[in-house]
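Features as listed in Swiss-Prot:
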- 19-39: transmembrane segment (TRANSMEM)
- 59-79: transmembrane segment (TRANSMEM)
- 110-130: transmembrane segment (TRANSMEM)
- 146-166: transmembrane segment (TRANSMEM)
- 178-198: transmembrane segment (TRANSMEM)
- 213-233: transmembrane segment (TRANSMEM)
- 256-276: transmembrane segment (TRANSMEM)
- 298-318: transmembrane segment (TRANSMEM)
- 346-366: transmembrane segment (TRANSMEM)
- 373-393: transmembrane segment (TRANSMEM)
- 403-423: transmembrane segment (TRANSMEM)
- 428-448: transmembrane segment (TRANSMEM)
Amino acid sequence: MTQSTTSHYFVESPSTRALVLGAVGVVFGDIGTSPLYALKECFSKEHGIMFSPEAVLGVISMLFWAMIIVVSIKYVVFVMRADNDGEGGVLALMALVLRTVAPRSGRARVLMMLGIFGACMFYGDAVITPAISVLSAVEGLEIAAPQLSQFVIPITLMILAALFLIQRHGTATMGKLFGPIMTAWFLALGGLGILHLVQAPEILKAINPYYAITFLVEHALQAFIVLGSVFLVLTGAEALYVDMGHFGARPIRIGWFVLVMPCLMLNYFGQGAMLLHNPAGAENPFYLMVPDLLQIPMVLLATCATVIASQAVISGAFSLTSQAIQLGFLPRMRVRYTSAAEIGQIYLPVINWLLLVLVIGVVISFKKSENLAAAYGIAVTTTMVITTILAAVCMRSVWKWNPALVAVVGLAFIVVDLSFFAANLLKVAEGGWFPLLLGSAAFFLLMTWYSGRKLLRARSLEDGIPLEPFIAGLLAHPPHRVEGTAVFLTGNTESVPVSLLHNLKHNRVLHERVVFLTFVTRDIPYVDDDHRLSCKDVGGGVFILKSEYGFKETPDVQRVLDLADRKLGMHFELMETSFFIARESVIPSKLPGMPMWRESLFAWMHQNGAKPSDFFQIPANRVVELGTKVEI
């Protein structure tokens, strides 16, 4: 990261039009590809719906009002107001509401665990979205070219493998095409919808909520089951909030209301219109509404759109993991920047290959998009419920709304969310168990790391020596001073770094300038360079340098030293500076803390994390690592 964070997505602030186009290409990919499978799943034979014009009107009415209430009202109008210095998403919202509660209170722990669990469920989404999106697009070959049906899974696997293989090179160049391609996709959706709407305009009666309510009342059990499939039109709604920091709330709102929502509505109503005249089209309503001559081009366009939707989710997984590392919930991992122009363009090899294996496994195991649809909703509904809870806390604690108003708004949204959540629980046995298992495993790992780090800090403080009195005593009877600068990286400036104690014990020297450098992650996404550094002169050429970072930034030692030169007048010659880092070996023990098996898991995670020198981007030939053992 080599640029100011005051404009953290683009180097030059583009026009609103360019931001809207960018948002269309990135933010709406997931929700924009739902027409490929959502209505098809609603009329699945397994739901037992007696096909009739009333059933079509009822389902389309449910789709329409679900999108209005959940996306347009809940997310676009209310939730997107809950920004953390412009950033959105469940982790940013969690950090925002945690500022309003006592740090170590029970309420803070509950809110933290809710936020982390909601974030972890995104990993389930990150696995299923590429699989179901690309698979459903390629399944169009079964209609466009039936002789190629046997190649649907191999083609899907090749596309997905290629998508993950190019991640290491970055997608900044291709990203310029995302906006135009997705714009063409949405216009195609709208055009197809209009084509069938003019043939059966009576489908527009579904705008009246009477049809949704009547369907729910008269077909209670079947309607409740179908509700889980109706939710598929909402997958990707959370992305509007998550990507708010990249494009801003206004461009996303414009993109939604001007292009995306109208085109989606037209397409869903068009699919419904086709079903009124051709009930057999329920087998695959999206592709069967496409004229024969346009089948192959539509398969190609749909494949491009689903690849773009998958890319957005993969990038989201990288970003989420990076945030979790900065907030102290995951060990350090290698983070590579794939674009000099966009801070958001990062690549984490471990996450990339793990996602690739899981996505390929899911496609091979589930085989068809309708099988994956059962697994899709549960992860997204869980995150939505948690977002609603945290947003309600924000309304009361941050915005200071009247409790009665918070209760009315919060209750309205939570009832809708819980209805979808309950309907999706029915699908747990059919595949919903997979994202739940994946999210729960991620949550367990994150909480194990968080708890293990707390234990490690507690042990270090118990055995630690207060820093400033130690330095005062050391300077009173100084060891031999040598030329150059020693930078000791430490997580706690209150205690003497173990690396300094080892250096004094074995080398018996002290550099002419000693800097204790610590990185502190704030509960905001970005910290401006003017407020990043603070320095305390302890005397005798010894300094305590604190560098603050936001949870969406990655510390960079070279950048800190350059900033210290510009802002504080502390010049560092890199080739005359040695960086001392303590490499801790964690030893599980029977001391009070976590169960032994969980401490062993933490020790394994600690051992396999990226080296501090790699993570902090320190030249390898300037690093001195000193090992130490710590029992927890």
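Glycine too: its Cβ is placed from the backbone N, Cα and C atoms.
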Looking at 110-130, 346-366, 373-393, which one has the highest count of Cβ pairs under 8 angstroms to the transmembrane segment (146-166)?
346-366
Need a quick answer: max count of Cβ pairs under 8 Å to the transmembrane segment (59-79), which of 19-39, 110-130, 346-366, 403-423 is it?
403-423
For the transmembrane segment (428-448), could you work out the same-chain residues 6 or more beyond its ends whose Cβ comes under 8 Å from its Cβ atoms?
113, 116-117, 120-125, 127-128, 324, 329-330, 358, 362, 366, 371-372, 374-379, 382, 594, 598, 601-602, 605
Kindly say whether the transmembrane segment (298-318) and the transmembrane segment (19-39) touch, using the definition of 3 or more Cβ pairs under 8 Å where each pair is 6 or more positions apart.
yes
Short question: most Cβ pairs under 8 Å with the transmembrane segment (256-276), which of 19-39, 110-130, 373-393?
19-39
Positions whose Cβ lies under 8 angstroms from the transmembrane segment (213-233), at least six residues beyond its ends:
31, 34, 37-38, 41-42, 44, 47-49, 54-55, 57-59, 61-63, 66-67, 264, 268, 373, 376-377, 380-381, 419-420, 422-424, 426-427
